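To start, the structure itself, in structure tokens.
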Amino acid sequence: MSDTAEKLDYSSTLYLPQTDFPMRAGLPQKEPETVKRWQEMGLYKKLRASAAGREKFVLHDGPPYANGNIHIGHALNKILKDVITRSFQMRGYDANYVPGWDCHGLPIEWKIEEAYRARGKNKDEVPVNEFRKECRDFAAGWIKVQSEEFKRLGIEGDFENPYTTMNFHAEARIAGELLKIARSGQLYRGSKPIMWSVVERTALAEAEVEYHDVESDMIWVKFPVKDAAPGLSGVSVVIWTTTPWTIPGNRAIAFSSRVEYGLFEVESAQNDFGPQPGEKLIFAKKLADEAAAKAKLTFKFVRDVTSEELAAITCAHPLASLGYTFPVPLLDGDHVTDDAGTGFVHTAPSHGREDFDAWTNSVRTLEARGIDTKIPFPVDDAGFYTEDAPGFGPSAEGGAARVMDDNGKKGDANERVIKALIAENNLFARGRLKHSYPHSWRSKKPVIFRNTPQWFVYMDKELGDGTTLRSRSLDAIDQTRFVPASGQNRLRAMIEGRPDWVLSRQRSWGVPIAVFADEKGEVLVDEAVNARILEAFEAEGADAWFAEGAKERFLGNDHDHARWQQVMDILDVWFDSGCTHTFTLEDRPDMKWPADVYLEGSDQHRGWFHSSLLESCATRGRAPYNAVVTHGFTMDEQGRKQSKSLGNVVAPQEVMSQSGADILRLWVMTTDYWEDQRLGKAIIQTNVDAYRKLRNTIRWMLGTLAHYEGEEIAYDDLPELEKLVLHRLSELDGVVREGYDGFEFKKITRALIDFANVELSAFYFDIRKDTLYCDAPSSLKRRAALSVIAKLFDCLVSWLAPMLPFTTEEAWLSRYPDAESVHLVQFPEIPAEWKNDALEAKWEKIRKVRTVVTGALEVERREKRIGSSLEAAPVVHIADADLLAALKGQDFAEICITSAISVVGDEGPADGFRLPEVAKVVVEQKLAEGAKCARSWRITTDVGSDPDYPDVSARDAAALRELAALS
């Protein structure tokens, strides 16, 4: 050995990876520093400046409620939105994201009232605008907290100028939208049974109600027939209900002409109350035996009763002696079935939507029969009976009965009604039933249906152009893209079946229903008055409505102050959020209307998607969005709902502090987000493992590119393997762009992770490591590989940037230290020449044969006949002409990472290695001949051919000479 060779340290002659990009990510420590850097450099403003003049893409943020720290649902939601806006920004759009907050409403009122009670203070003793200020300050405080939490997740947006529903301009716009609806004649004051929270003292919308199983009283009640066709006098019609307290509100009985009814006579009775032998009762024939069993009776069927006979019946109220002296007619109703009960439905138009509809749809017929059609108000806002419920109201013995108390507990109404029915001899039977019942989603307490004067928007009033709000909304749904597609039918069904929209709430913290109305409910429509209202709201906020002298200020001298009363109800908060498109999309020059996308949880089909659709269709005739994307809810690892009581809550703050926001983001990207997802420690660890592999791939590229000097190799000069990698990049570019367009993030993530792990780390990089580490500086193959790896890095890191903004930023700045941010670049444009389907088809064949060789080598390693694949020199027998042709001209030993390989066109030995899935390929194992190169570790016959480098191969000796000449 020469002196040169003796002194040479071969490891220092290899182009081994070198990078400052660490294997250990340290995300919990580094991510906050990155957030700080983005803020200090003004990344958001730079994004806007770089996108100036481009086509706008707008994802309108559905506002979270400004109350409390964010939870995992917020994290899922915001990450999805952030990925979408970032991906469109990096594909050449001006994709501005303006975060927003819903600020009004009951939860905040409750918090302030709790604070008052703790200080021995009564809300009613506090001036309303003082109370509203405390609510406003409370919301503002939580907006600051949530903003920081969202930024910690890596969310990029205009957090310095978010929208809030309590902003003065927003409150003016919300009031303005209401006034538009009033001007068009869609607003009316009506009396309807609505869901009412006694605990919260307010009306609730469908979106504010959830259902829980409860056990309730159920009763069967006799209604004595008063007027009927011959043969039915002296009988009773029996109804069944799970709300005994609604009997004082009864005004009719519904039946169905599709149900078969019969007259039954009691034969025997074994009860303390109820029917006695000889009494005759009408039931649905299918349900008579079940009812008899409940009342401990036996029946005898007398005859059929026709629907014509039923329609002619008028009953007496079962509590007639208490003052319910009005007739109770029978009405044919589509909602009646013989699935349960008696086949007759107790109809209390004050306490049920279907009851109300059945009653109001029959008004003309009822009035023609001389029946008073006025709907009573039997229950007040505190759950007490009024004087519209004789025998149970304030003047009754014992005072007013109560349906429910302030804590949501059952009052004495049921028992008092049941006792009265027994006294009247009109209780047929009683029992208990477990069933699903509506509860307030805030208080978690049961609600009641009660008739109240409220403000509504018509769903079916003709709007002057042949349309109604319902028809406009249904047409808009047809014009909207839904992801997943099932969301379209869900929202359509809700719009088709919903009643008129209840806008009013009897609370303090919100935008008022800023109209004046007379005692008949007529709304004052005066542009001068409206202008004064909106001008005041713009300058002072909605507090102006509650200020002393507001009525005189707004009405001025143009109207009779005695006639016009100021409405003091506030708007449903869903109307607030339904208006966000007006003051965010229409009013901000950096946004556009309509939005390209609304994205929220699946519960928002009845919430924000729904209210935004109605509001926009009422005022603009179309939806405020072009697409609706829906995500599911996050469960624990067993698929259970997360709850504090189960101890299975996964807080995003905890995940970020232990693993990092990018891990949480990767989890979101790997889920079928439109369904319910699962999350827990094991799932987080799975994502940590996937992330680590991806990070190491990026790290290896960075280390390898430390030796890249930026040389571009012409496409035509590239080896086939590099052309194949570029072809795969071309295909992936399509997958990525199509995936981001279709919001199919799992598809993108899976494709990129598989590409990195399988096609790069386990194939291309493995093959090219020898070339990259050992070839001479002038080697075209090495230079070509570096050129392609540079393109791989740019593509992979930019494609991943929307999903993993922290990691990709770190990698990008490691590669390009003078760059500002990966988020300011666009996805690389892929040259058309990279696409080469014929080459991919050829290499599919090559890889098939390689699979057999790899399998054979694995057997040799397992049997300890070789330690490394470089010790092998297999003979590959191929009897398939197409496979053999594909290998022609290839350095198949390099592809299989062996020191040598022979390919022959024959059947091969019977005892050779085969894989059943690759026919006509047999591998015969041979050991490599020659000596082991001390530099590359390949075993070749030319080791020592250069006397100056006796322990390395000829290739390595030539590389060493070139390196020596350059040093």
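Glycine residues also receive a Cβ, built from the backbone N, Cα and C atoms like all the rest.
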**Prompt:** Pick from 64-74, 328-338, 482-492: which range does TrEMBL record as motif ''HIGH' region'?
**Reply:** 64-74
**Item:** Stretch carrying motif ''KMSKS' region' according to TrEMBL (options 351-355, 406-410, 641-645)
**Value:** 641-645
**Prompt:** Where else in the chain does the motif ''KMSKS' region' (641-645) make close Cβ contacts, counting only residues six or more beyond its ends and a cut-off under 8 Å?
**Reply:** 72, 633-635
**Message:** Is it possible to get the count of other C-beta atoms within 10 angstroms of the C-beta of GLU600 (L-isoleucyl-5'-AMP binding site)?
**Reply:** 22
**Complete:** Residue counts for the motif ''HIGH' region' (64-74) under DSSP, helix then strand then coil, are 3 helix, 1 strand, 7 coil
**Message:** Can you tell me whether DSSP puts LYS644 (ATP binding site) in helix, strand or coil?
**Reply:** coil
**Request:** Going by DSSP, give the three-state secondary structure for GLU600 (L-isoleucyl-5'-AMP binding site).
**Result:** strand
